[in-house]
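K.L.:
Take this structure, written in C-alpha cells, and hold onto it; I'll ask about it next.
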Amino acid sequence: MTLHNNNTTSPLFPNISSSWIHGPSDAGLPPGTVTHFGSYNISQAAGNFSSPNGTTSDPLGGHTIWQVVFIAFLTGILALVTIIGNILVIVAFKVNKQLKTVNNYFLLSLACADLIIGVISMNLFTTYIIMNRWALGNLACDLWLSIDYVASNASVMNLLVISFDRYFSITRPLTYRAKRTTKRAGVMIGLAWVISFILWAPAILFWQYFVGKRTVPPGECFIQFLSEPTITFGTAIAAFYMPVTIMTILYWRIYKETEKRTKELAGLQASGTEAEAENFVHPTGSSRSCSSYELQQQSLKRSARRKYGRCHFWFTTKSWKPSAEQMDQDHSSSDSWNNNDAAASLENSASSDEEDIGSETRAIYSIVLKLPGHSTILNSTKLPSSDNLQVPEEELGTVDLERKASKLQAQKSMDDGGSFQKSFSKLPIQLESAVDTAKASDVNSSVGKTTATLPLSFKEATLAKRFALKTRSQITKRKRMSLIKEKKAAQTLSAILLAFIITWTPYNIMVLVNTFCDSCIPKTYWNLGYWLCYINSTVNPVCYALCNKTFRTTFKMLLLCQCDKRKRRKQQYQQRQSVIFHKRVPEQAL
C-alpha cells in the first residue's frame, strides 16, 4: 500500500497540504509558539505537542481520554482478531493433513503476511494516531515502513500467484497440474516475498543516503521518496490498480471456464443416460464405447491381484462386406446379434471412416472381477458356461476398463466368410488366476492359462454393457468431484479478491484525488482509509472459513481444544484394530 501524509502525522504523503507549513502570518514566531489546527495543537518546538498555553506536553495528541479509549479498544480488538485468525490458519495447516494442498500453501503465505501486519503494523499505526506524532525515532520509523510495505506488497503478490494458479489449473489441467508440485509452489511463494522486499526495503531504508540527507521532519514518519504526488500516483497504479485489473480478468476467465466445464459435465451425464436407454448408441448416430472416456482419464489404472481372477475379453472386428445371402442367414439365425444396438454397444470407438479397408482393430476390455470359482476353472479343461460369467453386482470387484487399439494386418483366411459387417463372431476368453504359488504348483502349467472359444451370446453383451455403465458412472463421478473442488477453490479466491478490492479501494481512490487536489481530503479519512487496508488482513481468515469446510471444521476443533481428543480417538481406534487383527491371525493359522 502507499502511505500518504495529509494534515496528519500518519505516514501519508508529506507535501500534499500547506497546513503543515506556517503561513505568512506565522513567520518570525519564536520557538515554542503554538499554532492551532482544529482540535489539534501542534508545537513548533521539534514537533512536540502541548496544551494551548504551550507549557505542558500532551501524550494523547490532543485527543480526549474517551477518544483514546475508543480508538485503542477498537483497533486493539481488530489487531487481536487478526493475530488469532491468521495463527489459526497456520496451526490448522500444520495439524490437518487434508489442508496440505498446493493451493493452501499460497493461503499459508498470505496468512503469514497478514500475521505480520496484525502484530507490527496495526499496533504501531494505532500508537501513531493516538499520540499524533512519531516518538520512536528515525530507525524505528524506517523499519516499520519497510515491514509494512513488504508485507502489504507480499499480500498482493500472493493474491496474484493464487489467481494465476487457479487460472492455469482450470484452463490447462493436463499440462499445468503435472508440474504443480509443493516444491514449485514454494519457489513461487519465495519469489513473491523476494520481489516485494527488493522493491521496497532498500529504497525505504537507504534513500536518505542516496540523496545525501533526510528530509523527513522529526516527529513524523513517512517514506522520503514519496514526497511528490505524481510518484505516489505511479506507485498506486503499480501496487494496486494493475494487480486488481489482472486478478479481475483472470477471475472472469476462471468463472467462464468453470461454467463451460459444468455444462460439459451435464452433457456427459445426459449422454450416459441416453446411452443406457439406447444400448450405448450415441445421439448423433455414431457408436461410442466406454474406452473413449478412459482415454480422457489416464488415472484409472489399478491392480487387483489378491483373490481375483483376471478375465480378458478379446473382441475381434473385421472390416469386410458380407454377401446378401449371409445377411439373410444371420437375420434368421440370431435376433440378438441382428439388433443394431447390441452390435453398436460393443463396437470400437474409432469410426469406420477413419479405418483403412482390410485392417483389423482389436479392442481389449480388461475386466477385473471376483470369480468365486476360479480355482475350479483352473482344475478343469472345460470353461464354464456363459451363465457363470454373469456375476451379481455386489460380487464385482474393481472394474478397470482399459482400451488398447492397434491396427493389424488383414487375416489371410476367414471361416466361410462373416456373419455381418463389423460383427463379433468369436469370443476368446483368457483366464489368469492369482492364486498362491503353492496352489499353482499343483496345477499343470498347460492348464494354468486356458484359452477356449465360445460363441458370443447376448448375456455376455449384457454383462459388458453393465461394466461399461459402471465405468462411465465412475468417470463421471470423478469429473464431478474434480469440478466441485475447482468451484470451492474459485469461491475462496473470489471471496479473498472481493475483500481485497473493498478494503483497499477507498484509500487508493483518495490517492488519485489527492494528485489533483491536495487539500480536499480530511486527515480522518486518510487514517480510516489506511486502517481499512489493514482490515483486509483481518477478513482473509474469515473468507477461508466461510468458503472451505475443512478450514471451518479445523478452526472449530482448535478453538474448542478438541485436537487431543481427536488424536486419542484415532489412537484408540488403531489399538482396537490391532487387537482384532492379532486375534484373527491365530484362528487363521489353525
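Every residue gets a Cβ built from N, Cα and C, even glycine.
Found this in Swiss-Prot, in case it helps:
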type	residues	note
TOPO_DOM	92-104	topological domain 'Cytoplasmic'
DISULFID	Cys141-Cys221	disulfide bond
TOPO_DOM	165-184	topological domain 'Cytoplasmic'
TOPO_DOM	253-491	topological domain 'Cytoplasmic'
MOTIF	275-281	motif 'Basolateral sorting signal'
COMPBIAS	334-345	compositional bias 'Low complexity'
MOD_RES	Ser385	phosphoserine
DISULFID	Cys517-Cys520	disulfide bond
TOPO_DOM	547-590	topological domain 'Cytoplasmic'
K.L.:
What residues elsewhere in the chain lie close to the topological domain 'Cytoplasmic' (92-104), defined as a C-beta under 8 angstroms and at least 6 residues from its ends?
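P.N.:
Result: 162, 165-166, 180-182, 185, 489, 550-551, 554-555, 558, 563.
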K.L.:
Looking only at Cys141, Cys221, Cys517, Cys520, which of these disulfide-bonded residues has the biggest number of Cβ atoms within 10 Å around its Cβ?
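P.N.:
The largest 10 Å Cβ neighbour count belongs to Cys221.
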K.L.:
Using the alpha carbons only, what distance in Å do you get between Cys517 (disulfide bond) and Cys221 (disulfide bond) once rounded?
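P.N.:
Taking the Cα atoms only, Cys517 (disulfide bond) lies 22 Å from Cys221 (disulfide bond).
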K.L.:
Let me spell it out: take the topological domain 'Cytoplasmic' (165-184), skip the flanking residues so only those 6+ beyond its ends count, and list any with a Cβ under 8 Å from a Cβ in it.
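P.N.:
Distant Cβ neighbours of the topological domain 'Cytoplasmic' (165-184) are 102-103, 105-106, 250-251, 253-254, 257-258, 261, 486, 489-490, 493.
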K.L.:
At the level of the C-alpha atoms, what whole-angstrom distance separates Cys141 (disulfide bond) and Cys520 (disulfide bond)?
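P.N.:
Just about 27 Å between their Cα atoms.
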K.L.:
What is the number of residues in the topological domain 'Cytoplasmic' (165-184) that are helix, strand and coil, as DSSP sees it?
P.N.:
17 helix, 0 strand, 3 coil
